[in-house]
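See structure below.
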């Protein structure tokens, strides 16, 4: 039985990116601007401990390496920085030579933490590695056959393959093999010989929606992606040069998911514009939605009560504000008070219901921007996940 | 401050321009094949509708719909046949018909409903109230996700 989620209101505006420290005692996030905020966990919430200011524009993604304890951030200013913690406790930035001419959109450390990849609006993925000789981070570009902005990336557990979701409505799997860093990878279902920029797979979203997020399963033998046509596709490759063994598509009745993450080999969680994390289960013979962790139509005892730094009601990140409803009432019915019938009660399938004050009945009051694993059980399955949203909230859920 | 520079289409200055038709796979049947197929299906639909078999008629017309460029005639034929089905269905039957469709067919049907609404008043066979009642029932079954899929789909019907 799942318990109520832990909810923290970290900002009044959107949270664009977030990553936890290896021991989960610290959180790096971005409150829709060019600063990275580092929070320390306290008894009753999160306290701001440091601000990393080096970027000039909005920070689009943060990745925190679990073993080497380094943070990499990327931004719309076309730069990425690797932050290392000094013995004094300060974070020291190192500029990465990305050589891209459009915004950087996503970043992720590789499993071995000796490389990371940055997706960008320049139809490019910059695969970055450390150059010992010159003491800086250099990048190698994956370009072909990307036709549009790269919106998401994920690493295969073998540290060589990389998946990318792009605005040209395709998810692709590439080799990001770097000589001198990677050992020759074991042959997998994705391919045997893997020189840099080998395209190991190219998959269309079912109805032409741009691909918001991609994720490899824990074994790396399946690839899932969420696209803006309100669907999730899971691909099982058969072998090099062969068509996939299975492509399973789930059409959602609700709004598109923008982020997804595998929990086990046969289950995943997705979240996005319908403001609630949803669980899916399946395998090569089919996937189904199992439940929502935050069903607005279910009778439940958990209340969307934010803890931590309390903020005023009706913040800018809200999808439906009290004021909005008041004007709507005045406009459509000539009523000047919103007290009579504020709640529309989730009549339309897929749209979260509202309470009388204009709040959504879900914990998140606006689009969830990122969902990821927070804690693992002893058997390796994900036990807790966290979500951040455009409402400035961070929530930790039991799955 | 002068904002004219924002209107410059910078993609035109690039050699590697992305065209709308690059974003979907072309129909393997070719222009001629699509037209012949549309004519066949349209005839089949008229037969099924006169027998009152609306469910089969819907399945026939929503399979392999014409999309993309240069197939306007096939698109017109298919749209007319579909409108015929919509107009000859009793409103009490719509709910069950919609539930019987596959996910792909539901998305296609929604695309035609929006096409009908976009062309309201141009053809006498388009009735706004019929389209709206189909739209209502289809949204109840397939949800807002179905509408989003129509909006994102580059394979315009």
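Just so it is clear, glycine is given a Cβ too, placed from its N, Cα and C backbone atoms.
Annotations in TrEMBL come from automatic prediction, not curation.
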Annotated region 'Disordered' segment (source TrEMBL; candidates A:303-329, A:330-356)
A:330-356
Within-chain partners of the repeat 'WD' (A:52-83) [C-beta distance under 8 Å, separation at least 6 from its ends]:
16-22, 28-30, 32-38, 91-96, 98, 100-109, 113, 116, 118, 120, 126, 128, 137
Considering every residue in the repeat 'WD' (A:52-83), what is the mean pLDDT value?
97
How does the repeat 'WD' (A:52-83) divide up by DSSP, counting helix, then strand, then coil residues?
0 helix, 17 strand, 15 coil
